[in-house]
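One structure below.
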């Protein structure tokens, strides 16, 4: 045994060296470092002494592949597989239907309770021998189970008496890539699109496989490859052949491909004169298109559609409505089991209603009118992925329509890929919000997982933060947001605290002295960005187009609701958007209990204050400060929090390779610089209205307001391409 | 010793596993696999037993860093360094001036003969002890020497009696990146720009360092970061700060940064009304700009300029000429030691002279009129980076002007990054071409290295094929083109055969059974692409804009010389561009001996036939075939050669990991598909004129000409961005 340990150490030495290179970041949370704790390693060696894996199917073969990749790295040994299930097996991985009777008996209850995607990992005793069984109803359950099993080893969990039965709580767990056919990515800050359309279908980049592995490891089972601001060309045979090649890769990891469907495609690529959803030829065109797609991709997921929103074509161009449009597509996809995911992110240039109210107003009347393979996808808040928004009033309001939660993982409004912001904290806040639609406890999570109204089809979508950067997400910690989104789509009741810990263990270290401070840093990071960008319910005060940096002064854009001044409404009297009954009355779209809370400055959480109220500069906050002073101090607190993050990271140096330390240290330095920019620019601007001095404790701005207003960023990344 | 070998094997096991991943491609030719030959390893262990490295300077520290990265991987051992030069040292790495007397004596002759960038690696005997000395006049020579030393080990060379004294034959060895500020890359097929302008200057991507390492390892010492179709913004303080950050990285690897200077910058970013090079304010603006740049980057290389070419602004806009423009900038850079590299790639829409003649006509009169820090950069051939061109007539014609050779490493016209084409074969053909300007033996290489006319400043530039793909160049074998360019810029007399072998050893394997067949495949690959794209001197018959695939039929573009029909001139009588005295008389721009050869169909190499002659379809080729039949057979031969490449690669499987095999196999499959596309499209189109059947041996086209003409590629990569 001692010799084995020595061997282990020797074998594993070179990994340490490679760790020094940025390539390590490529491996995401699937980086299987050797288990250094020798007692634990001995346990794990025992558990993996003799393995049986059912691999009679492509998905099962991938599961086996994960074992043969990970275990030698974790344990430094070659694996012994048996061809059939034998009494000597210490680890048995097989579909439930293929288990021998005595193993079935010990797993039956859990398997029966699991869904088609669920799995069981259970330590059992058979004839005095202990073994671990990983089983499931279906192949994909086995793959998920294997990934979980490896994660448990990777995070040094005791597996001796393990019993985990887990099934996803949401059906469609999906990434939305806003990727264009020229490989630019709208709101992408991690390089460019992974999809190399030029080399597809014949060249399958290994990265497609690693993308699928990463997704499957956290249970993501769907991906929309293309931008919601869609190009119809992706529906032509030349591109469908390429999509098919990707689908062939992803299928073996349980991932279905969706495409964004441009509503005007029948005109643009179908030579029709109209895209009217009630036109016979148009309807036939979509049916033929669906048939063509399914001939290539039998498990095609369906269409994701942005229609009549921000200039995209839609049914309203022909005097029809969203139901007409969505159901037309749903009818075409229905015979093949495909879905339409129809986005509710709509607001009209011809409607001067508070933009926050428009989606609800437009969609509420349609509840119950969509076909059963239509889901309506709703952004987490009523405006647009701000650092903080109250939950979208559509959640809980529509009863018969399955609502897909749309989170934005890419940090369009949260510092691009240079700010460390742990988003599961934001996602958790939204999911835990109580809609009160069926009384107390009617949380958004319950809307999304279908339990509140008994919806049979459910979904959660995350706008991807993935690009072709070596480390996938631009910021190493942004990997945690991809990870965390996947985990919450699997189980929207998980805590952001647990997710952070899982990710830290899988990515960096199992040492508590690293885990605890870094977890704390992650968990406070979201509040930090709110503080230094838009505290107290401020929102959408970003510079135009690229949304990089502050632009609260912008007032010259074509539509009122494109201008920051529309949202903060700062004037000499005060600041904030009155959405109570004395204002836009957006609060009426919430359940009474919620509306009452939001309407009442005594009851509303202060974090949402200026979202719903226009208040005087000397309004008194809970902490006794005036609104002006409190706001200024909160901007300062955001900056202070980033400084604290830097101190935390600096104190972690001993756990990190030089490059692991450096890359995050450099990014935190940028974050601090930009946090100060936000603080200074916003306070200088708002000070013009408040006409009050900065309170003690707030650092003096280093530049003038004119300087901040003069900054131009013509090549900031992520802007919508010019051909759109 | 046996135990050591066992250890070695054990330690190195995990590398084998990691090899299976595409990440390995990232390491380029700096992938230091363990030396498995135990005798050799024992030798190398002896040589590296005790090392002294002078590291009292950033460049020297980088040299030491390379040793500590590579040697443990090659030899599986920790290194022992001494603090001073001791008798026990087996390896001494130090500047010549710091060597002790007895070591100086044994290296003096070679060091005195070397340039400031040269180095010596020499095995010597001192008091009965043998040791290897790596020395040089300057720090950069040490770095180059260390890279060469490591390459020798990596390629399993016997180092026992080594004595290599080597100095670069060309001063400026430069990459030209056609990278835009939005990170698109004009003619880029390996993803997008490495330069992440958004995150610069504060975030230093490790990739910048690895880029510098790769370049230094082959002697590249200059890089122009931005597209010759330039954006003036790169000269503003916001971007200069970012350029400075890159220069700070590259400086430690002996690499100078150049920028492309947009001629109209004084108007666009300087608020001047003119960019007239004789205007006092304009001249002052450039002087101030140079001063500003050098304050940030004391070793800034200078400006690379494309002026009055393809719509770029230039001195001619103000009635001035290239000398006026270049000298104005040269004067601004002169005080700081900077250079102007002025491109000769000019042709005018107002000039109906054969485009092949225009650059020569325009520049010849300026010979001797440029300041001494101006170099004129000339593409290898007179048209534009075709699969084959005769050498540019400017080489050898200008005596007093240093001419920089411009090769295109990125495969704009050679199959993008999906075709395996070993370009050093092309480069070698050009460099070996005899201009006869000072009699026989006046090769292009001698023009470029300055030896023909005694030019004191010399340069070679390669348009980069580097992007942010994981493997840097899109095609794994395209790495060999970057490598080979660097080697030829160092020594334009190297053979492509040797370069191929060096690269194969460093990248794949030292096994002769792998080296020989793969080298053969590489060396024939360039002739293959000529055959299946444009045999017998055909040129520029590419589809419009993107240059992806054949477009010999294109005849509707704005300027005659943008249309393929301008170049092939196929008609019912024959095909080819008559550039003899009966035609455009482009041959007059060459030395008499060369002109006579080109003019005479009996003497001209058949590979250049249709570049210079319009010949009837039944003209008889050397092999007795008619021109039509011979051309058709050559197209077929190109396809056959790709099929042979596929067979070669398939037979190499046992030397390769699965992913190493697969990635190239997939690409070769695309190459074969596209070779057939070229053959079929071109032959079907030319057949309309020849009105003759395809000869026996040529496969029947699988598609109609109409089909090929209908193909559209709106998102083919590498197109000039819309903002230009």
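Yeah, the Cβs are placed from backbone N, Cα and C, and that goes for glycine too.
Marked as signal peptide by TrEMBL: B:1-20.
What TrEMBL lists as domain 'Alpha glucuronidase N-terminal' is B:28-149. Across the residues of the domain 'Alpha glucuronidase N-terminal' (B:28-149), the predicted structure has a mean pLDDT of 96.
Annotation comment: TrEMBL describes B:153-472 as domain 'Glycosyl hydrolase family 67 catalytic'.
According to TrEMBL, the active site, proton donor annotation covers B:310. Taken residue by residue with DSSP, residue B:310 (active site, proton donor) is part of neither helix nor strand, so it is coil.
In the three-state DSSP classification, residue B:384 (active site, proton acceptor) falls within coil. For residue B:384 (active site, proton acceptor), the Cβ neighbour count at a 10 Å cut-off comes to 19, with all displayed protein chains included. Feature annotation from TrEMBL assigns active site, proton acceptor to B:384 (among others).
Residues or ranges marked as active site, proton acceptor by TrEMBL: B:412 (among others). Non-local neighbourhood of residue B:412 (active site, proton acceptor): B:187, B:385, B:547, B:718, each in the same chain, at least six residues away, with C-beta under 8 Å from its C-beta.
According to TrEMBL, the feature domain 'Glycosyl hydrolase family 67 C-terminal' maps to B:473-698.
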Exercise for review: List the residues of the same chain that sit at least 6 positions away from residue B:310 (active site, proton donor) in sequence and have their Cβ under 8 Å from its Cβ, in sequence order, or write 'none'.
Suggested key: B:229, B:347
Review point. When the domain 'Alpha glucuronidase N-terminal' (B:28-149) is classified with DSSP, how many of its residues are helical, how many are strand and how many are coil?
Key: 58 helix, 26 strand, 38 coil
Study note, to complete from the structure: DSSP, reduced to three states, assigns residue B:412 (active site, proton acceptor) to coil
